[in-house]
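For reference, the structure is listed below as structure tokens.
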């Protein structure tokens with residue numbers, strides 16, 4: 001059975017200062033459906049945003065952000081559990097740091113945990129451990145974390161669900177004629193240096209972090225599909241029909 005990683009960001013999971021419950025339920029329903037044909041791992045953001053629903057701290061301060069993450073992580077997992085229970089899917093929380101990918105011992109531990117969870121029908125839900133990680137070792141965004149998870153768990157594909165519909169041939173904010181690229185086979189260094197401000201106050205990534213994730217994935221001989229997390233039809237088409245009208249597939253030829 002093929003193995004895939006879903007990554008969903010804060011921009012999809014939050015609506016202003018609240019968790020977007022309907023979007024989360026739609027995501028959960030898609031994952032439950034995908035599990036019939038695939039082994040699935042979910043990489044999720046949203047801990048800080050979930051914490052902010054309970055505690056209005058200054059998100060710009062590093063220590064406050066860690067407190068929000070520590071408050072929000074159980075809230076986020078509780079939300080996921082309530083929704084996955086509808087589909088009789090058991091979940092496991094796995095918090096990783098950059099160190100887990102730098103040590104063979106640490107890497108083997110989380111690989112074994114994820115393999116065991118999947119073999120027992122449990123959905124691993126991964127997030128970065130913002131609490132114990134020192135700033136210099138933070139991935140900084142879950143796009144790159146998800147790419148590492150996809151590679152080190154020997155997954156066939158990474159699907160990033162975002163607030164954009166794909167990768168455009170020009171900036172869609174300034175160019176109304178910008179078109180979504182259906183497939184990308186290489187990423188130039190200049191593309192990794194473009195403006196990359198996130199579209200959501202809780203988000204830490206942007207298009208450049210997604211391109212870095214895509215480059216990492218392609219360099220490892222795997223593929224990545226970038227599509228909308230608001231309308232999951234493109235993700236569903238990619239998964240079940242192997243055809244898609246929207247979204248961008250990153251893979252080497």
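Here, residue 1 is simply the first one shown, and the rest follow in order.
Placed from the backbone N, Cα and C atoms, the Cβ positions cover glycine too.
Heads up, TrEMBL stuff is auto-annotated, nobody curated it.
Quick look at what TrEMBL lists:
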DOMAIN    2-226  domain 'Aspartate/glutamate/uridylate kinase'
BINDING   7, 162, 163, 204, 205, 206, 207, 208, 209, 210  ATP binding site
BINDING   45, 130, 142  substrate binding site
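The subset of binding-site residues (45, 130, 142) lying with their Cα within 10 Å of the Cα of residue 209 (ATP binding site) consists of 142, given in sequence order. The 10 Å shell around the Cβ of residue 209 (ATP binding site) contains 24 further Cβ atoms across the protein chains shown. Mapped onto three states, the DSSP output places residue 207 (ATP binding site) in helix. Per-residue pLDDT, averaged across the domain 'Aspartate/glutamate/uridylate kinase' (2-226), gives 89. Under DSSP, residue 7 (ATP binding site) is assigned to a strand (E or B) in the three-state scheme.
Binding-site extent for substrate: residues 45, 130, 142, maximum pairwise Cα distance 11 Å (rounded to the nearest whole number). In space, 7 is the closest of the binding-site residues 7, 163, 207 to residue 45 (substrate binding site), judged by Cα positions. Here the binding-site residues are 130, 163; the one with the fewest Cβ atoms within 10 Å of its Cβ is 163.
Distance between Cα atoms for residue 207 (ATP binding site) and residue 142 (substrate binding site): 12 Å, as a whole number. Residue density at residue 7 (ATP binding site): 31 other Cβ atoms are found within 10 A of its Cβ, drawing on all protein chains shown.
Residue 142 (substrate binding site) sits 14 Å from residue 163 (ATP binding site), taking the C-alpha atoms as the reference points.
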